[in-house]
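Now, the feature entries from Swiss-Prot:
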{"type": "DOMAIN", "residues": "96-407", "note": "domain 'IF rod'"}
{"type": "REGION", "residues": "1-96", "note": "region 'Head'"}
{"type": "REGION", "residues": "97-131", "note": "region 'Coil 1A'"}
{"type": "REGION", "residues": "132-142", "note": "region 'Linker 1'"}
{"type": "REGION", "residues": "143-243", "note": "region 'Coil 1B'"}
{"type": "REGION", "residues": "244-259", "note": "region 'Linker 12'"}
{"type": "REGION", "residues": "260-403", "note": "region 'Coil 2'"}
{"type": "REGION", "residues": "404-491", "note": "region 'Tail'"}
{"type": "SITE", "residues": "345", "note": "site 'Stutter'"}
C-alpha cells in the first residue's frame, strides 16, 4: 500500500478486494466530527497522541474526546507523512458514557461484521454442497437399463454360440460318417481290383493251358498224318515191289503179325492218359496251392488293409475330434480375448471416469482447503482484531479510571508520528493511522483573542491496493478520499 499525503481514512469499514496473498483490509473508524461541546473536531487524529491547542486563560472551552480509527493492512508497510506541519488538538474528555458508547458502537460493528462473515461462510458451504449434489448424478449415471439390454444380448449370444456348437458337432458327425463310407467304398474298390487282378491271372493261366492243349492236339494231328503217310508209303512200296517182281516170285516171309495201330494207339493213349492225368492233377494241385496261397495272401493283406483302414479311420476320427477341439479352443480363446478386450475397455472407461471424479473431488477439496485456510486466516485476523479491541478497551478504561474529571488544557504542539502495532500470524500489519485533530473557532459567547485565525487545509488520501503474484502485479486499485485539516493560520 502506498500512501500519499495524510494517510488517514474517514470512510466506514469496507474490505478491499480479495487476492491470493493479500487478505482483507478492514477499516474500523468512527463517524466524522466530534460531539457538541463548543469545538468541532475532525477525526484525523494521530493514534496514541493527545493534541492540544493553546487557549487564553479566559477562554477554556470544554474539550471533547474524538474517536480514533483503526486500520488493518495486510502485507503492506504504512507510512504517514504531512508536509512538515505540526498538528494541534484538544485534551482528553473524561466523559465515560461517551467513551463507552463509542466502544459499544465499534464492538457492534465488529460483531455485525463477524455475523456477516458467518452468513457468507454458510452461504458458501450451502453453494458447495449444492454443487457437489448437482455433480454427483452427472458423474455417476444410471446404467441399470443398459445392464438389462446387455444381459439379454449376452443370453442371445450364448444361445447362438450353443446353436453354432451343435451345428458344428452335427457337421463333424456327418463328416465322420462320410469318411467311414468313403473308407468302405475305397476298401470295396481295392477288393474289386484284387479280384479283377486274380481273374486276369487265372485268365492268363487258362490261355497258357489252352495254348498247350492246342499244341498237343496239333502234335497228335501231325502224328496221325505221319502215320497215314507211312502207311501210304508202305503200301506204295509194297505195290511197287510187287509190280517189279511180278507174280514170278513168291516170297513168303514169316514175319510177325502186324500190329494193330488202333490198339497201339489205344495202348499209348492208356499209357499217356495216366501220365497226363497225373500231370493234370499235379498242375491242378499246384494251381490250387498257388491259388490258396494267393487267397491267403489276399485275405491276410485284406485283413491287414482292414486293420490299417480301421486304424486310419480311428486316426482320422481322432484327428477330426482334435481339430474340432482345437477349433473350439480357438473360438473359446477368441471369445475370451474379445471378452477381455471388452472388460479392459469397460474398466479403463470406468477408471477414467473414477479418475476424473477423483480429480474433480481433489480440485474441490483443494478449493475447500484454500477457502478454509482463507477463512482461518480471516478468523485469526478477526481474533487478533478482537484482542486489539480488548486491549484498546482496557487502555481506554485505564485512561478513564486515571482521569478524574475535566483536566485543564495545556498548550502543546505535537508532531504526527504513527505508532505501529506488531504483526499477526497471517503477515497482516495492524497500525493505528494518524488522525489530524484540529478545532474550529471557539464557540463561546466571548471570542478568545488567543485562539487566533484558523485555516482549513484539504488533504487527499490516496490508497493504492496492488495484487502481486510471482513478482508480477496482477491488479491495482486506487481509492482517493479527501480530508480537511484545521490549524492556526500564520500571522
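Cβ from N, Cα, C; glycine included.
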Secondary-structure category, per DSSP, in which residue 345 (site 'Stutter') falls: helix
Residue distribution over DSSP helix, strand and coil in the region 'Coil 1A' (97-131): 35 helix, 0 strand, 0 coil
Cβ packing number for residue 345 (site 'Stutter'), 10 Å threshold: 10
For the region 'Linker 12' (244-259), mean pLDDT (0 to 100): 58
Composition by DSSP (helix, strand, coil) of residues within the region 'Coil 2' (260-403): 142 helix, 0 strand, 2 coil
Tally of DSSP helical, extended and coil residues in the region 'Coil 1B' (143-243): 100 helix, 0 strand, 1 coil
